[in-house]
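Inspection log for the structure reproduced underneath, given as structure tokens.
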Amino acid sequence: MAPAETAQKPKGEGDSIDDSRMTLGEHLNELRVRVMRSALAFVVAVVVLYVYREPVMEFVRIPHSQAAERLNDDLKLYFVRELASNPEEEWEEYFSLPELEVPHGDAEFSPEDYVGAHGHEMRLLRDRRFPEKLQVLEAGGPFVDKIKVAVMLALFIAGPVFLWEMWMFIAAGLYQAERKIVYSFFPVMLALFGLGVSFGFYYMVPNAIYFLQADGIATDGLSREMSLGEYLKFLRGLSLALGIVFQLPVIQVVLSKTGLVDPKLYAQYRGHMAIAALVIAMFLTPPDPYTQLLLAGPAIVLWEVGYWVSRLFWTPPPVLIPEEELTGSEVAT
């Protein structure tokens, strides 16, 4: 019996590529249809978001509003303490507020104690208050910026449709086992991307703005104002970066499940990963250590999560024995 004949093994159903064969023209036509569907989903998302542009703008401003509220609360608390410690000081630069509010539930100073002790209301420097509204500096005004917001959010909303259409186009050339891997992990990838974007939107962006603007806010005499365009760039960059970083566990698990990477390598290169995360964060975030740690920290944690999950899915690659080393009985089987 010839070794060449016995070494060949017929492919099972799970290993076969799609039996259908298309011409180059049919492939291009299918690609065109899928791109058109993706473009249609994007256009519909842009139109709907622009129709509801007012609530959409309120939503986009949430991180900035949260940061502004915290900054102004800290500013109020600072002046409460300053006024209480300097009762004879004249505060001609301040303007009266209708009522005194002490933020953060500070038990050391209360509105009643302060008014009773000094006989007047707390005053704040007009030019020190962090503006709660974003500025529009471009010639196009709010009209162009609202379109930019609609386009930016539409990319996040219609992005999964585009990825799915492209995947369906590529899947025709893959083995059945490879398709099953992607089918099982695609929902997880979308969920982690949404979780990463949400983490950036609701936690990282407001904390980054607060940290960057809080330094010397009551004493340096600088006017703090942020344009809508710069804010959107900041918001988009950090949120998108977190969405991509949250894909790390999926990539690690897929590489281990297919037998390409042993999970032991993830543990071996922990230190390299931490340094790489800090370096990448340095390019993707503003040049301050706090924001860089906000991005690099989750990446390091997710790398560790990916390592432990990969150990559960690890599939060692098959050991290939050269044909000349096989015995006659092994070849026959």
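Start at 1 and count along the chain as shown; that gives each residue its number.
Each Cβ is built from the backbone N, Cα and C atoms, and glycine gets one as well.
According to TrEMBL, the feature compositional bias 'Basic and acidic residues' maps to 8-21.
The region 'Disordered' annotation in TrEMBL covers 1-21.
Beyond its flanks by at least six residues, the transmembrane segment (35-52) meets 146-147, 149-151, 153-155, 157-158, 161-162, 165-166 of its own chain at Cβ-Cβ distances under 8 Å. Among the features that TrEMBL reports, transmembrane segment is placed at 35-52 (among others).
Taken from TrEMBL, the feature transmembrane segment covers 149-175 (among others).
Marked as transmembrane segment by TrEMBL: 181-205 (among others).
Summarising the annotation, TrEMBL assigns transmembrane segment to 234-255 (among others).
With a threshold of 8 Å between CB atoms, the same-chain residues lying at least 6 positions outside the transmembrane segment (267-286) that come near it are 208, 212, 234, 237-238, 241, 292-296, 299-300, 303-304, 307. The transmembrane segment feature in TrEMBL is assigned to 267-286 (among others).
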